[in-house]
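*Asks:* In case it's useful when we look at the structure, here is the feature table from TrEMBL:
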REGION    112-134  region 'Disordered'
TRANSMEM  143-163  transmembrane segment
DOMAIN    145-613  domain 'Amino acid permease/ SLC12A'
TRANSMEM  175-198  transmembrane segment
TRANSMEM  219-241  transmembrane segment
TRANSMEM  280-299  transmembrane segment
TRANSMEM  306-327  transmembrane segment
TRANSMEM  371-390  transmembrane segment
TRANSMEM  402-424  transmembrane segment
TRANSMEM  444-464  transmembrane segment
TRANSMEM  499-520  transmembrane segment
TRANSMEM  526-545  transmembrane segment
TRANSMEM  566-595  transmembrane segment
DOMAIN    655-776  domain 'SLC12A transporter C-terminal'
DOMAIN    787-982  domain 'SLC12A transporter C-terminal'
Amino acid sequence: MESGEEIEIADDNNEFSSVMGRKYSPVVAHDNDNSAVVEMTSVRPGSSSSSSLPNHDLKKLKVGVHPNMASDEREESLANHSTNGPQRESKLELFGFDSLVNILGLKSMTGDQIQAPSSPRDGEDVTLTFEQPKPTADKSGTLMGVFMPCLQNILGIIYYIRFTWIVGMAGIGESLLLVACCGSCTFLTTVSLSAIATNGAMKGGGPYYLIGRALGPEVGVSIGLCFFLGNAISGAIYVLGAVETFLNAVPSAGIFRETITRVNGTDIAEPITSPSLHDLQIYGIVVSILLCFVVFGGVKMINRVAPAFLVPVIFSLLCIFVGIFSARHDRPAVGITGLKLESFKNNWGSAYQMTNNAGIPDPNGNIHWDFNALVGLFFPAVTGIMAGSNRSASLKDTQRSIPVGTLAATLTTTSLYLVSVLLFGAVATRDKLLTDRLLTATVAWPFPAIVYVGIILSTMGAALQSLTGAPRLLAAIANDDILPVLNYFKVADGHEPHAATLFTVFICIGCVVIGNLDLVSPTSTMFYLVCYAGVNLSCFLLDLLDAPSWRPRWKFHHWSLSLVGALLCIVIMFLISWAFTIVSLALASLIYYYVSIKGKAGDWGDGFKSAYFQLALRSLRSLGANQVHPKNWYPIPLVFCRPWGKLPENVPCHPKLADFANCMKKKGRGMSIFVSIIDGDYHERAEDAKEACKQLSTYIDYKQCEGVAEIVVAPNMSEGFRGIVQTMGLGNLKPNIIVMRYPEIWRSENLTDIPATFVGIINDCIVANKAVVIVKGLDEWPNEYQRQYGTIDLYWIVRDGGLMLLLSQLLLTKDSFEGCKIQVFCIAEEDSDAEGLKADVKKFLYDLRMQAEVIVLTMKSWEAQGEQQESVEAFSGAQQRVASYLEAMKQQAQRDGTPLIADGKPVFVEEQQVEKFLYTTLKLNLMVQKYSRMAAVVLVSLPPPPLNHPATFYMEYMDLLVESIPRLLIVRGYHKDVVTLFT
């Protein structure tokens, strides 16, 4: 195409060609590129540029061919073009996007990962690349996509070769109850399935997709894999049924043969021949392999051959019913009475008894049948309702096809079963019902061969549906990338799941080798019931929570129906076999546990998250805003992650700070809030904050901390923390303890801004009535594997609501400190008060159920203790620094003619008071060094910053207090008791 060549676009594309009043100008063309590019520039409505586009039937757009150039050259070319281009205006400029971009953006709501282009700024042009649309695969409608597969799966082998036998064993009355019970279960499950399937776009995976998105990936994968096993085993049931029918119809085809001449210990007129186990195994394996080749042809081929399998099935049903009504009139046979009231009465009651492996009544048989066992045998005859949802990716309209097609198939087959019970019970004697498993073929008109063909085609069609749906289900689970072990079964969109098909056929052959349909059927039933219970529970949870996103198009549902359906599934499971039930539930639980440990996390907006959210809201409202009783008090630490200095790259929080946060919770109970502050403007650094929050959350999970991460952008650390301490949390779930590291490096690295920030944070905590825990020696804090020995020493100087005592008890619950003992140090004003104070503290600790040794120190011992050389040097250095700093402030005040100013505010300092504070912290430090030299950790009360003292002075007091103490917790409580004497 030559540069500047015009393409004419018909009038029906007018809407596109004049989007937002833009005109289209060509880009430089090159002949060696085939991708056409249309470039749009804005024009003002009514301007000359706009009027230059005549309102003809054909609109002409200048189209050029995009150059084959390097990406950086292309970007530079486009940038130059857009810079020189005319200014654009948009009618929707206020909203930041135009209609075209908005339409493209809607695609992301359906789950398609489409990078929606951002709206162009003024002066920029939009470049659109036109490509040939990809051909889409043919989609199925309701009839061929849902109704036919469901009908083929439901109306399977059990109806043809076991249903008359079930009527003979259970009688008409209990057979009606059996059909009603199983049919009700699948009907209620279909209602739940219809509600979930019409609540949004549905991808491949059928019930797995529904359950996973409703109950979470763990439950979805566990139940989805169980349903996959049920489908694979069902394929074996259909294969065994087809082979058994073929060998009964053509006995000469059998390599081996089994003959029965006596029933219930008496001779019978004609020997009963049944297929041999080895024949069933050999033919079953061959048929499974042949079906595998058919399935490899793809779902399109199966859709083409499905009518060929279904038409003979429907014709055979008509022959059976015609034969029932004409029985005894044209072809009299032994045991066939025709529709007689006497037969109906005789067959009304049950006749449960022992049978051999072939189902022939025998007192010496090894299988006993009762109602529960018949439920397990019959239930696969009502399964298959998921056949349509298994192929949801191949449907044109899942939200319409799945409910209509599945319900139609369910009601059709259930009605057929109920009518068949009445007719079969009235057409033959009980002996005939129990000994002729192919009675449907015997009564068929005009001859049994039609039913034989119908049975074989029915089972082959159902087997194909199972072997088609099961691999797609497994591939859908693998494609979600939840379990790495399933990566072998991943398939790209539009490709056939060959690996999953081979695995499915392998399971099918393994079940075929068993060779007994009556034994395989209950196993499949269990897996189906687990899946159906999951679907009902999903709908129950979603309906009960009634989240804003729960808006199914299918309106005929209620949470009570789903609950009844789920309970009915579980009851049927226990009716069939409590051992099978426990095994199947245990298997689902093991898969759930494995997925929760090894699986990759996925947030699908499942119902459990909604339930947790509503439960949290309700609990929060019930807590109210009143003061929490001490018995119900839990520490909710706000861990201040921002370091005083630098951390290694990609480490958003000091590792030991996370370990200490875990030490503040008993048995992991409670919540921690990890907070960091980014300096800057929020509009400029919002994306940095999101990335930092994600990184901090990942690190918290890595450290196995129960907590959440928050990142705040503020002009500086002080303002950021002040906003955090006022607003963080909701109601009584606001953080009550501020945890941070002591800034030991402020003097060594000359960080002069730290004192004012540190003091400001402590003052903010006092004003907000938050407790404070400052950790000194954080690098030396032990992890969970480092056992500590010695004591936990508490220097209990001021009343703190019992927080220091509670922290010591929480430390003892951790493996690191469980070998330690607690010592409580108290200070008495006079020697005469020492014994009384010791007795009172002991009684108090006893009432608090806390074991600790109480040591009382008097002021005399305080004054008499010797001074160590290191402490004396630290004291002298602090005195000199305070004096020089005070002198500098005085000189500055004299030059400016103002009062003393520090940290931007006036201060009032008495030198004598400063000396007293320094001396007090020195004596306390010496006391700790003397009595707690072997302590694992020391807890001491935090002195509040003195009013009108510079922040640097307070840091000198604190440095003197923590001098030469390797591991120290400085604690300040708040005006609330956190421990209580009463039960």
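A Cβ is built for glycine as well, from the same backbone N, Cα and C atoms used for every other residue.
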*Asks:* Do the transmembrane segment (566-595) and the transmembrane segment (280-299) come close, with at least three CB pairs under 8 A (pairs 6 or more apart in sequence)?
*Replies:* no
*Asks:* Could you check whether the transmembrane segment (444-464) packs against the transmembrane segment (143-163) - three or more CB pairs closer than 8 Å, residues at least 6 apart in sequence?
*Replies:* yes
*Asks:* Which value does the mean pLDDT take for the domain 'SLC12A transporter C-terminal' (787-982) in this predicted structure?
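*Replies:* PLDDT averaged over the stretch: 80.
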*Asks:* Can you work out whether the transmembrane segment (526-545) touches the transmembrane segment (371-390), with the criterion being 3+ CB pairs under 8 Å where the paired residues are 6 or more apart along the chain?
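*Replies:* Between the transmembrane segment (526-545) and the transmembrane segment (371-390), contact is present.
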*Asks:* Give the residue counts of the domain 'SLC12A transporter C-terminal' (655-776) per reduced DSSP state, in the order helix, strand, coil.
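*Replies:* The domain 'SLC12A transporter C-terminal' (655-776) comes out at 61 helix, 27 strand, 34 coil.
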*Asks:* Should anything in the same chain at least six residues away from the transmembrane segment (499-520) have a Cβ under 8 Å from its Cβ atoms, list it; otherwise answer none.
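*Replies:* For the transmembrane segment (499-520), the nonlocal Cβ contacts are 157, 162, 228-229, 231-233, 235-237, 239-241, 244, 277-278, 280-281, 284-285, 288-289, 291-292, 295-296, 357, 359, 367, 377, 467, 470-472, 474-475, 478, 488-489, 491.
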*Asks:* Using a Cβ cut-off under 8 Å, which residues of the same chain at least 6 positions beyond either end of the transmembrane segment (219-241) come close to it?
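*Replies:* Same-chain residues near the transmembrane segment (219-241) but 6 or more away: 153, 156-158, 160-161, 205-209, 211-213, 280, 284, 287-288, 291, 380, 383, 386, 390, 455, 459-460, 462-463, 466-467, 469-470, 473-474, 476-477, 480, 482-483, 504-505, 507-512, 514-517, 520-521, 523-524, 526-528, 530-531, 534, 584, 587-589, 591-592, 595, 599, 604, 606, 608.
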